[in-house]
Amino acid sequence: MEISKTSFGKLDDQEVKAFTLTNDDGMSVTCLNYGCIITKILVPDRNGIVENVVLGFDCLEDYLQYSPYFGAVVGRVAGRVKGAAFELDGEVFRLTVNENVNHIHGGIKGLSHVIWQAEDIQNEAGIGIVFTHQSPDGEEGYPGTLNLKITYLLTNENELKISYEAQSDRKTIVNLTNHSYFNLSGNLKTDILNHQLTINSQAILELDEQLLPTGKLLDVTDTAFDFREGRIIKEGTVSAHPQNVLAGNGYDHPFVLNEEEDKVITLADPESGRSLKVETDQPSVVVYTSNQLVGDFEIFGVPAQKYLGICLETQGYPDAVHHSHFPSIVLDKDEIYQSTTTYQFSRRK
């Protein structure tokens, strides 16, 4: 196992570094100290051919100009906050407005558009990078100085473990995730429409026209949202279900992960033989099929287009601060926020 470092450019006179973690099976993960962005994940297919399975860019300028959160850690609060405001103990906090009248993914810079401190680690569990950052009180409108630590750990079992920690000196709200777009075909040879997805979930959060949760849970039975036995992504893109249509003909929905059973999500590409198993301790996963991925730019030489990648964003319920019956995302003063999600890649012969 080895760790290598290269320069990825400069931002405000600070160097952006790229770290590549490589295990003994030939799997590698490349990430930046800018937004903790995962730029590439290289894994072998059924024939042993090692290719990239995430969306990203080759240069910093493209991330600064175009990136729809490719591979980044998003927060302080992932997803949308209705009206870009929330109330905590009788005090109203107004957040940065950066999508219509709402706040999304932590604001204009949030955690995804800043440079983090980074240190490499190596132990018996694997090799990795520990990212740390301090978000000052009032940044993007959030209360409290928030100290963050995020660890990317690569194992010889082809696992990428992402561990999140955060602590505030004042009561606040926190909901972190990673916004990687996966495409298991390898080097974006095809879209993700024939990928097969399995989720142990019997309900989704209903969304309104602004893609904000209404507060209502919808049973997935007999719909294109029922992934309990697995189904291909394409079924949701051609579905006439109002929620599929609302999302831009696809998925952009929080799936409730069943508490009583393992919180496991699997994604498989029959053509390449690659599969991805995601395990988490979070109560939901937002499945986004890049329905809005359009623009005059290229992703590793491939034109931006709908359905080129799928995000599996493990997190607390979006906009939970406005729904008292959702699991709370409130973090008390000096309380430690902790969460871990593991992404394990394998291949079928």
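Backbone N, Cα and C define each Cβ position, glycine as well.
The feature active site, proton donor is assigned by TrEMBL to His179. Its own atom aside, the Cβ of His179 (active site, proton donor) has 23 Cβ atoms within 10 angstroms in the protein chains shown.
In the three-state DSSP scheme, Ser180 (beta-D-galactose binding site) is classed as coil. The Cβ of Ser180 (beta-D-galactose binding site) lies under 8 Å from the Cβ of Ile38, Ile41, Val54, Leu55, Phe70, Gly71, Cys311, Leu312, each on the same chain and at least six residues away in sequence. The beta-D-galactose binding site annotation in TrEMBL covers His179, Ser180, Tyr181, Asp252.
Within the same chain, residues at least six positions away from Glu313 (active site, proton acceptor) with a Cβ under 8 Å of its Cβ are Val74, Ala78, Gly79, Thr177, Asn178, His179, Val285, Val286, Val287, Tyr288. The active site, proton acceptor annotation in TrEMBL covers Glu313.
When Cβ atoms from all protein chains are considered, those within 10 Å of Tyr181 (beta-D-galactose binding site) total 24, not counting its own.
Under 8 Å, Cβ to Cβ, and six or more positions away along its own chain, Asp252 (beta-D-galactose binding site) finds Leu207, Leu211, Val286, Val287, Tyr288, Thr289, Asn291.
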